[in-house]
Amino acid sequence: MKPKVLVITGPTAVGKTATSMSLAHSLHGEIISGDSMQVYQGMDIGTAKATTVERTQIPHHMIDLVTPDESFSVQDYQQQARACIADITNRGAIPLIVGGTGLYIESVIYEYEMPDVAEHPEIRRRYVAMAEQKGVAYLHQQLFQVDPESAKKLHPNDVRRVIRALEVHEVTGTPFSQLKRKGSSPFDVLWLGLTMPRELLYERINQRVDHMLKRGLIEEVETLKAKGYHLGLTSMQAIGYKEMMWYLNGEISYEEAVRVLKQGTRKYAKRQLSWFRRNNDINWFDMTQPDVWQEIKKLVAGKFNQSEE
């Protein structure tokens, strides 16, 4: 019998945390972060990690695993998240994967075949030099020519993953994007997708950014910068961190940093929705509908043999 898993996903600021906390309470569940940036230590405010109180109420996993200068691949996430699912299930609890990083979540849920390609330092050095000499946009264009599917999913600033995709293609002769999803899921999964009208979502995103700044986002980035973490790291390319790094480095004003951060977050939410809309397994819920919570509880209760109370 396949282990049961509940996935709660959707764009940033849509209400995944509140929904997951409520469902985890009722299901005797534990939460596995489905956010690729929450694995990094010291990056709490900008990645909207669960608070200390929330983590006390419900066990959380896949958070604070590595320092910001350590690498953490999709393969690492897949292996460790699946180990979490096995552990949670063996203890009689229900695993809830909650987050908005589509590739990471799907790598766990579906039979993704990760490319078993060893790193080739000489190839990497060549691509790093190319990025330094001709720019990250040029490097991204090289990927687009050989693997447009991967290029569409990766931001040009995500240099490490762009180089990895180029490396895999050069070594295997096969696009990185074609080496992934293979077959069905090893789990019995219920997908919940949360959404709302775009205007309201964008308003909530703007409010979330303001709240993060009040909570101390700039100070958090200052601390990371003081420890030597820089924009060349994948972690520091996370939304919220690169914009504040630009500001702290004197490259842009505070007002411009906030504007770019809000704009970048809105664009990210749009990309998240585009990714998940391709997944026909997801049950979508408009969080502005008056009966949405009853509908969610009804679907979850049916899957996990719970009462709807």
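Cβ from N, Cα, C; glycine included.
Features of the protein shown, as given by TrEMBL:
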BINDING   Gly10, Pro11, Thr12, Ala13, Val14, Gly15, Lys16, Thr17  ATP binding site
BINDING   Thr12, Ala13, Val14, Gly15, Lys16, Thr17  substrate binding site
REGION    35-38  region 'Interaction with substrate tRNA'
SITE      Thr101  site 'Interaction with substrate tRNA'
SITE      Arg124  site 'Interaction with substrate tRNA'
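Looking at Gly15 (ATP binding site) and Arg124 (site 'Interaction with substrate tRNA'), their Cα atoms lie 39 Å from each other. Around Ala13 (ATP binding site), a 10 Å sphere centred on its CB holds 24 further CB atoms from the protein chains shown.
Of all Cβ atoms in the protein chains displayed, 18 besides its own lie within 10 Å of the Cβ of Thr17 (ATP binding site).
Note: the CA-CA distance between Gly10 (ATP binding site) and Thr101 (site 'Interaction with substrate tRNA') rounds to 9 Å. The Cβ neighbour count for Gly10 (ATP binding site), using a 10 Å radius over every protein chain in view, is 26. In sequence order, Gly34, Asp35, Ser36, Met37 are the residues near Thr101 (site 'Interaction with substrate tRNA'), counting only same-chain partners six or more apart with C-beta under 8 A. Secondary structure at Pro11 (ATP binding site), taken from DSSP and collapsed to helix, strand or coil, is coil. Here the region 'Interaction with substrate tRNA' (35-38) has, by DSSP, the following mix of helix, strand and coil residues: 0 helix, 0 strand, 4 coil. For the pair formed by Arg124 (site 'Interaction with substrate tRNA') and Thr12 (ATP binding site), distance between Cα atoms is given as 32 Å, rounded to the nearest Å. By the criterion of other Cβ atoms within 10 Å of the residue's own Cβ, the least surrounded of the binding-site residues Pro11, Gly15 is Gly15. Cβ neighbours of Val14 (ATP binding site) (same chain, under 8 Å, six or more residues apart in sequence): Leu194, Thr195, Met196, Leu201, Arg204, Ala269, Met287. Each of the recorded positions Lys16, Arg124 was assessed for Cβ neighbours inside 10 Å, and the highest tally belongs to Lys16. Around Thr12 (ATP binding site), a 10 Å sphere centred on its CB holds 19 further CB atoms from the protein chains shown. Over the region 'Interaction with substrate tRNA' (35-38) the predicted model carries a mean pLDDT of 96.
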